[in-house]
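Asks: One structure follows; several queries about it will come next.
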Amino acid sequence: MKIRIGFGYDVHPLVMNYNLWLGGIKIPYEKGLKGHSDADVLIHALCDALLGAADIGNIGTNFPNTNKKLRNIDSKILLKQTMSFIYSKNYELNNADITVCIEQPKLNPFIPQMKTCLAEIMQTDKGNISIKATTSEKMGFIGREEGIAVFATVLITPINEIGISCQ
């Protein structure tokens, strides 16, 4: 087996009367993300990157929005299932690098909690997860606060037969 890299992207509309879930935590804000699930765009991009790295489809093929059982599902459940898929292919996360494109709210105060949440689900050290936030300088749908986009890159590495990470 080889070391593999994956790239994920997701975007959701930012609207009134919805909760804002990012990185598995609820962010206090006047708007939230709209989607089939809880619309945690960060976790969705991360799942897409992991699934792509392992060559097992994408978030849409593994968790289709046509599946009524997934309606309003907590995206942390999707990430946990994605990690099960990764482990079944004999891989584990080496590291994840995530960029959230968002005008408001400012995310820096929430990033440590997001990293803790994701590390617990992914059974990895918080130091293996990087989360950064950037604005679009008031340009486009992100700048107008109509949506949030997230880019995620992951590196997954083989696990040897006794379950110890290959280093």
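The backbone N, Cα and C atoms fix where each Cβ goes, glycine too.
The feature 4-CDP-2-C-methyl-D-erythritol 2-phosphate binding site is assigned by Swiss-Prot to 10-12, 36-37, 58-60, 63-67, 134-137, PHE141, ARG144. Annotation source Swiss-Prot lists divalent metal cation binding site at ASP10, HIS12, HIS44, citing sequence analysis. Taken from Swiss-Prot, the feature site 'Transition state stabilizer' covers HIS36, THR135, and the record attributes it to sequence analysis.
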Asks: I need the CA-to-CA distance for ASN67 (4-CDP-2-C-methyl-D-erythritol 2-phosphate binding site) versus HIS44 (divalent metal cation binding site), whole Å please.
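Replies: Between the alpha carbons of ASN67 (4-CDP-2-C-methyl-D-erythritol 2-phosphate binding site) and HIS44 (divalent metal cation binding site) there are 16 Å.
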Asks: Roughly how many Å separate the Cα of HIS44 (divalent metal cation binding site) from that of ASP10 (4-CDP-2-C-methyl-D-erythritol 2-phosphate binding site), to the nearest whole number?
Replies: 6
Asks: By a simple count, how many Cβ atoms lie within 10 Å of the Cβ of HIS44 (divalent metal cation binding site), its own Cβ left out?
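Replies: Cβ-Cβ neighbours of HIS44 (divalent metal cation binding site) within 10 Å number 28.
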Asks: Identify, in sequence order, the residues in the chain of HIS12 (divalent metal cation binding site) that are 6 or more apart from it along the sequence and have a CB within less than 8 Å of its CB; answer 'none' if there are none.
Replies: LEU33, LYS34, GLY35, ALA39, VAL41, HIS44, GLY147, ILE148
Asks: State which of the following recorded positions has the fewest other Cβ atoms within 10 Å around its Cβ: ASN67, THR135, SER136.
Replies: ASN67
Asks: Within 10 Å of the Cβ of ASP10 (4-CDP-2-C-methyl-D-erythritol 2-phosphate binding site), how many other Cβ atoms can you find? Include all protein chains, please.
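Replies: Other Cβ atoms within 10 Å of ASP10 (4-CDP-2-C-methyl-D-erythritol 2-phosphate binding site): 23.
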Asks: These are the binding-site residues: HIS36, ARG144. Which one scores highest on other Cβ atoms within 10 Å?
Replies: HIS36
Asks: Who sits close to ILE59 (4-CDP-2-C-methyl-D-erythritol 2-phosphate binding site): which same-chain residues at least 6 apart have their Cβ under 8 Å from its Cβ?
Replies: GLY8, ASP10, HIS44, CYS47, ASP48, LEU51, LEU78
Asks: Quick one: which residues besides ASP10, HIS12, HIS44 have a Cβ within 8 Å of the divalent metal cation site's Cβ centroid, in sequence order?
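Replies: Neighbours found: VAL11, LEU33, GLY35, ALA39, ASP40, VAL41, LEU42, ILE43, ALA45, ILE59, VAL150.
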Asks: Among all protein chains shown, how many Cβ atoms are found within 10 Å of the Cβ of PRO64 (4-CDP-2-C-methyl-D-erythritol 2-phosphate binding site), not counting that one?
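Replies: If we count other Cβ atoms within 10 Å of PRO64 (4-CDP-2-C-methyl-D-erythritol 2-phosphate binding site), we arrive at 10.
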